Amino acid sequence: MQNFKELGISDNTVQSLESMGFKEPTPIQKDSIPYALQGIDILGQAQTGTGKTGAFGIPLIEKVVWKQGVQSLILAPTRELAMQVAEQLREFSRGQGVQVVTVFGGMPIERQIKALKKGPQIVVGTPGRVIDHLNRRTLKTDGIHTLILDEADEMMNMGFIDDMRFIMDKIPAVQRQTMLFSATMPKAIQALVQQFMKSPKIIKTMNNEMSDPQIEEFYTIVKELEKFDTFTNFLDVHQPELAIVFGRTKRRVDELTSALISKGYKAEGLHGDITQAKRLEVLKKFKNDQINILVATDVAARGLDISGVSHVYNFDIPQDTESYTHRIGRTGRAGKEGIAVTFVNPIEMDYIRQIEDANGRKMSALRPPHRKEVLQAREDDIKEKVENWMSKESESRLKRISTELLNEYNDVDLVAALLQELVEANDEVEVQLTFEKPLSRKGRNGKPSGSRNRNSKRGNPKFDSKSKRSKGYSSKKKSTKKFDRKEKSSGGSRPMKGRTFADHQK
């Protein structure tokens, strides 16, 4: 494989790349960089995690002219992605004096205006805030020679298609090189390409080892009122390193996050009403392993570039194929394996079939874990935790209590009782989730049927979405089993029947 030097990259940039651990270009970088250096328009179809930031960012650094003034503009769908792209560009150009500025909403515009006045060579921003600066004339386009649209389909999904068109129209076509990257190519993006790009070089890296996500896709059939308990059982059995859980609404995300926390899981939520400061705090916790479960809506998760996500759970099934593709694309990145589990109500199976038909592959049916499997997983987890606890020095007062208990009770029975409380602790916590109606069945035309009842009050005769709430598993009562003081334990309980659950961890 070619190295960066052979692609025409300067020694300074190669040195920066090597210091970052990049010895060889990824497939999309190898295919894109030569054309990008020549000023040719590029249409790249690639997912996050394939090295596409380097595909446009490295040649961008190489083309910087050493004078003040914006020369390159990069559009990104979210603040988080804009910041990530900007940080990578700074790393690529370390020691070369390239100034990179980010502009996005949720932050004081005055500070951004001040930064733009210093004449940065590269600006990375979200469409809305870029337009604000264009209208204020604090961002000038006369010196811009390169325009990048990163995750264009995400920007389209977020309603930025007209904003993208407005911005592209502001930069003279004669001087503009355009590079557009997108995981999918919907018709609106194709129209944008035809209108604003000049015979672009088409580069696809969707089917190579690096960019083809190695994701095991499953669906599990479960009723709404049983969904939360089934979900937490999967969490206990799978033991995900990092997991993203998708809910359909902000309310769902809030309630699901609270329910998980009450059950002892390390979780945080993200949706459109979360402040920018809180978003950054949550993402920092997720990346630093302070939490391992991120609950999010589709909009809130767009543009997130988080490595190491082992599992994606679609707590609520997405309404379209593109949303499904973007959701599960959060795992299985950069050649790593991932697991995606979609929870589906029996009447929503048409949506599973639609996704399968569109993607050309089948999902595997996955039965919910049996109680025996869940308890076994919890026991294994408790064993590991106990080993960690034993390595720590206990407080003297706890040692005193331990001695008193051991003098009073049989040691095996005592430990067994404590472990039982730990293993079954989650079962005693009662949670409440607002009942969400399943998606409507699809008609023959592929659209939801029964639309005439959309505004009717009929709904579900048994559960009204406004007044009824589903409770988490709470039928398991606290054990009333007593143990005799200083008497021998009398064997274990009878094992439950059932097949062994296939633990799909990597």
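If you go along the chain as it appears here, the first residue is 1 and each next one adds 1.
For all residues, glycine too, the Cβ spot is worked out from N, Cα and C.
Model, not experiment: these values are computed from the prediction.
The residues of the motif 'Q motif' (2-30), classed with DSSP into helix (H, G, I), strand (E, B) and coil, number 16 helix, 0 strand, 13 coil. Under the heading motif 'Q motif', Swiss-Prot lists 2-30.
What Swiss-Prot lists as ATP binding site is ALA46, GLN47, THR48, GLY49, THR50, GLY51, LYS52, THR53. Using a 10 Å Cβ-Cβ cutoff, GLY51 (ATP binding site) registers 22 neighbours.
Residues annotated as motif 'DEAD box' in Swiss-Prot: 150-153. Per-class residue totals from DSSP over the motif 'DEAD box' (150-153), listed helix then strand then coil: 2 helix, 0 strand, 2 coil.
Residues annotated as domain 'Helicase C-terminal' in Swiss-Prot: 214-375.
The region 'Disordered' annotation in Swiss-Prot covers 436-506.
Here Swiss-Prot flags 468-480 as compositional bias 'Basic residues'.
Same-chain neighbours of the motif 'DEAD box' (150-153): 48, 52-53, 56, 74-77, 81, 85, 164, 180-186, 189, 192, 302-303, 322, counting only residues six or more beyond its ends whose CB sits under 8 Å from a CB of the stretch.
Residues 37, 44, 46, 50-52, 54-55, 58, 61-62, 91-96, 203, 205, 208, 210-211 of the same chain sit 6 or more residues outside the motif 'Q motif' (2-30) yet have a Cβ under 8 Å from a Cβ within it.
Here LYS52 (ATP binding site) comes close to ILE28, SER32, GLY44, ALA46, ASP150, PHE181: these same-chain residues lie at least six apart in sequence, with C-beta atoms under 8 angstroms from its C-beta.
For ALA46 (ATP binding site), the Cβ neighbour count at a 10 Å cut-off comes to 25, with all displayed protein chains included.
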